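Take a look at the structure below.
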């Protein structure tokens, strides 16, 4: 068997095992209502984490996603409040903006030969700052079209609601998986993650790929921002602080190597769901304090990193 | 000195720029037994980032990175406040907080040195879990205390100079002397340049790696104590939030390469002061505070461009073949 599949397999096993334990303790967690909520509540994180997966597969990192999500929410809210533009045009404008923002960061990373860590850190300040400039208060969104997006859902068997935003997340996973694993661009990303010198020698267009990678992450962060705006029906510049960390954690738990070059987009979905499951368990339990979420996620990270380390030592790279 | 010229120039440029917008920027007065003025304020407010930057410089010199220092600050602040509130006295509070910081550093160091985990991943664990631990200590509340001894660390002054400023200057001087007057600095650089070769040359790479993360943890603990003492309360959620990013930025602005090797503690401290001058300057200049982050981002990009190895090549040596792009931080 392909040893690269082992981390993904381990992640899936741990998720199923954790879910089984949850069901044993709280049988009602098996219902499609819980599953629907799990997908809906984590939709924005999942979408952002898919963009992050592609960035990390290339050996980079994008610290700006949390700020871009907040900026997106404020942008949508302010545009819908202050202009007469149709909502769909606002969303298209926003996606063009965040994609361009990501592309600019990718361009700077390549042009300046600076580590992505520092360049996207500046991007994080900039996006958060622009969100403040647009508004320092929370801006409600009462657009009827937006309300209809929020109310849209598909009733699953067992009365669970699969909301539109959960559907967007699942579709993004599919698109992300196709892009990362079935296109030439995806192959270039993997090659870049394996090592830039080798990728260059193989004829990978480094500049174009780098720009596209961060543009993709910017697009996904913008989409996550739209989903978050639908989810909360407001734009707030202080929202989603630190989401980039959760996204990175989800990617690592999902079995992607942080050094780049190896991993699966589907794993990230399972990573996000595992983190969501911990939160759901704490809500169901009722007596555990919220800080246990962070401690358990930290413990899970530790476990998965050790596991990857062991697998790397056992199997050929 | 010549190596630090870009940093000194940047700091001078920032100060001139602020003075143009806010003329009284450089004036310092002596009133009520302490020095008062914007430069003194910068020295005081810059203390946490400066302290973190000292430890971060050593970690980055070994080609590592420590993302957990902000969370470690929160843990140590929480531990100190817990000890004071529990009536264990100032000695116990300081000892426990510094001990907790060193313990966190040893944990990071062991993950990196013994398990061979990439530093960025190894320290991410404590960054995520650390705030949970701090909240566990404070039980989710902001632990406030009234203890003059501990508060002195954050808001007191000695001979008119704020204590936090004295602490970071002393810490920087002591660390600088230790690494430069002994071979320690050279050994740290050797590990950063080539860990394998250093091991083969007889260096105890593992002990050295654990030691730099321990020092980073210790300085994070001191920074956490200062912040906690300043507000007379431990806020597990906000103490040191995102300061690890400012500290890394300070190190980079200070002219140190994220790829390890040659390092300058003085450069990083200048970097920390540049960042704090920008923060204070934006406030003094009277811009709406919403613009702070935008201006900071713009300045960071400009500073990065000035220091970029590739742009320097384009302008200075147009004919030389381009070097390979440096690998990702924390590799």
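Using N, Cα and C of the backbone, Cβ positions are placed for all residues, glycine too.
Under the heading transmembrane segment, TrEMBL lists A:44-76 (among others). Sequence-distant neighbours of the transmembrane segment (A:44-76) (same chain, 6+ residues past either end, Cβ-Cβ under 8 Å): 90-91, 94, 97-98, 101-102, 105, 109, 116-117, 120-121, 123-128, 130-131, 134-135, 139, 141, 165, 168-169, 172-173, 176, 179-180, 189-190, 192-193, 196, 209-210, 213-214, 216-229, 231-232, 234-248, 250-251, 254, 256, 258-263, 265, 268-269, 271-272, 275-276.
Long-range contacts of the transmembrane segment (A:88-111) within the same chain, counting only residues at least 6 positions beyond its ends with a Cβ under 8 Å from a Cβ of the stretch, are 60, 62, 64, 68, 71-72, 75-76, 79-80, 119-120, 123, 127, 145, 206-207, 210-219, 221-223, 225-226. Among the features that TrEMBL reports, transmembrane segment is placed at A:88-111 (among others).
For A:117-141 (among others), the entry in TrEMBL reads transmembrane segment.
Sequence-distant contacts of the transmembrane segment (A:162-180), counting only residues of its own chain at least 6 positions beyond either end whose CB sits under 8 Å from a CB of the stretch, comprise 36, 39-40, 42-44, 46-47, 50-51, 53-54, 57, 149-150, 152-156, 186, 189-190, 216, 220, 223, 227, 230-231, 264-266, 268-269. Here TrEMBL flags A:162-180 (among others) as transmembrane segment.
Residues or ranges marked as transmembrane segment by TrEMBL: A:211-231 (among others). Listed by sequence, the residues of this chain that lie at least six past the ends of the transmembrane segment (A:211-231) yet keep a Cβ under 8 A from its Cβ atoms are 40, 43-45, 47-48, 50-52, 54-55, 58, 60, 62, 64-65, 68-73, 75-77, 91, 94-95, 97-103, 105-107, 109-110, 116, 120, 141, 146, 149-150, 164-165, 168-169, 172, 176, 179, 185, 189, 192, 239-240.
Only residues 6 or more beyond the boundaries of the transmembrane segment (A:238-258), in the same chain, are considered here, and those with a CB under 8 A from a CB of the stretch are 7-8, 10-11, 44-46, 48-49, 52-53, 56-57, 61-67, 69-70, 73, 124, 228, 232, 264, 266-272, 274-275, 297, 300-301, 304-305, 308. What TrEMBL lists as transmembrane segment is A:238-258 (among others).
Per TrEMBL, the feature transmembrane segment maps to A:264-284 (among others).
Per TrEMBL, transmembrane segment is recorded for A:291-311 (among others).
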